[in-house]
Amino acid sequence: MFCSLPATPLILSSISPSYSLQLYPAMSCSHKIQSPLLHNPSIFTNPRRIHRCKLQVLAMVSVPSKTRSVITSSALHLDERSAGIRAVNFLDKLKAIPFKDTSEILSTMEKDLSNWTLSDFNGLLMALFAANEPELAMELFSNVSSLSGLDLAPNCSTFSIIIRCCCKRNDLDEAQRILHHMMGNGYNPNVTTFTILIHSLCKRGKIGNAFRVFQVMGGIGCKPTVHTYNCLLKGLCYVGKIEQAHEMLMNLEKKESIRPDIYSYTAVMDGFCKVGRSDEAMELLNQALVLGLEPNAVTFNTLFSGYTKEGRPQHGFRVLKLMKDKNCLPDSISYSTFLNGLLKWGKIRAALKVYKEMVGIGFEVEGKMMSSLLRGLCMKSWEEKDLVQDAYQVFEKMRERVSVIDHTSYSFVIRTLCIGRRTGEAVYHLEQMTGMGYVPRTITFNNVIQALCMEGKIGEALVVLVSMFENGKIPSRTSYDMLVKEFNQQGLLLGACNVYGAALKQGVVPHRIPTKMMAKIVPQTVVPV
DNA sequence: ATAGGGTTAG
């Protein structure tokens, strides 16, 4: 296969004709893949040959069913083009034959492939590429001529697909070699072919190489399209050459032949955003708008993430408004990027606002963000009581969504419920927690005991204390203190003594001592926990 | 109409 070629620099003349002879023996006479069968029918009697074919068939047949379903779906996706479906049928047919039956396999392949058009063949290659099987595609490409009576000349598309396969395998040198092979053998590569290669080079940060290919392209009079430039713009941004990218974009604006599109602008905007220059990105967006380009969700999403990176996620509200003004519907990425940014920087109230909007529209909020929002709301609710209700609603939403709530979320919401004096719900969720096999931390039990005591519900508080034992937790000094204090305040000296005694039995000496005092109706002091 | 370009979180 191709791997037999030595690495060659990017110079056209370095490809000698002898290389191509070795590389594509079937194509060396004419530019066609010709079947050796036509000249030498006896080839299938050669055991080594048969073995090789068999291996290849095995490789093809062993395409896992998952991959094959990808082939099917990508085939269906391509407007139900017959080529992809044919490819799948072909693979299915091969799979139905027992491996031992070599001649049957070979004749099936031959029969089936013999009436394939080049379009079918390219479709199969493309399907294999889409199914993440670049090796298989390349194997098929280099061997199909010897397996069947095919008489198909590969064309520019065929080679383009093969180049993409090389790129997918991370073998860019090979991809460049194939490009040179094309140029040296009359398969004129076109813009698409070049763009594929330039794209792959840029994506890997090989910007210098990309520009060299770009020059080769110009050298043979092949005019770049906006696609080509967009790849280069992305590549420049990727390696941090934002100024150069910006300059290139501005120069494109002056060109007659090329109209930069919204992708061009998005690419450079993203470049600015990635290095903390979101305002300049915003400026570019305005420029694009003036030019009459229609920004899409991706264009705006890059700004959401840019402002997040810079630590000013609230600017997202402007972006969101602009989006709506320009009739661009925010997608789930817009919202989750924005929400994520606000949460990351602790802008809880803003996050709540965005969360509510998302829920209102019907967007799913990811579990991680729900927990993060809940946590933020709970912590803030300890100072700003109006958030208790919101925190609890988020929690309820989480319970609707997933069956298993994490330990931390329970702890946070229980504390918040205690602070909001919703002791009934606090006790309920504490029970839920233990029922699920979680062991709440001592502080969580104490939160509930304290809240119950504050409401004078001494009996229930005692039940919680007992449940600590049931869950294998040793109550802390604070746990006992709160109860002794409340018994004292309610004038229940006996109860106070009982708790005190129980504490001593556990080896804990409470600060509070059972004291005879006047019963108090409304408790006013709070024991810090 | 066989082949080519874009975004996010941990």
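For all residues, glycine too, the Cβ spot is worked out from N, Cα and C.
Copied over from TrEMBL, here are the features:
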REPEAT    A:155-189  repeat 'PPR'
REPEAT    A:190-224  repeat 'PPR'
REPEAT    A:225-260  repeat 'PPR'
REPEAT    A:261-295  repeat 'PPR'
REPEAT    A:296-330  repeat 'PPR'
REPEAT    A:331-365  repeat 'PPR'
REPEAT    A:406-440  repeat 'PPR'
REPEAT    A:441-475  repeat 'PPR'
**Prompt:** Cβ under 8 Å to the repeat 'PPR' (A:261-295), counting only same-chain residues 6 or more beyond its ends: which ones?
**Reply:** 226, 229-230, 233-234, 236-237, 240, 242, 245-246, 249, 252-253, 302-303, 305-307, 309-310, 315, 326, 328
**Request:** Would you mind listing the long-range same-chain contacts of the repeat 'PPR' (A:296-330), meaning Cβ under 8 Å and 6+ residues beyond its ends?
**Result:** 262, 265-266, 269-270, 272-274, 276-278, 281-282, 285, 288-289, 337-338, 340-342, 344-345, 347, 350, 354
**Request:** Mind tallying the repeat 'PPR' (A:331-365) by DSSP state, helix then strand then coil?
**Result:** 27 helix, 0 strand, 8 coil
**Item:** Mean of pLDDT values spanning the repeat 'PPR' (A:406-440)
**Value:** 96
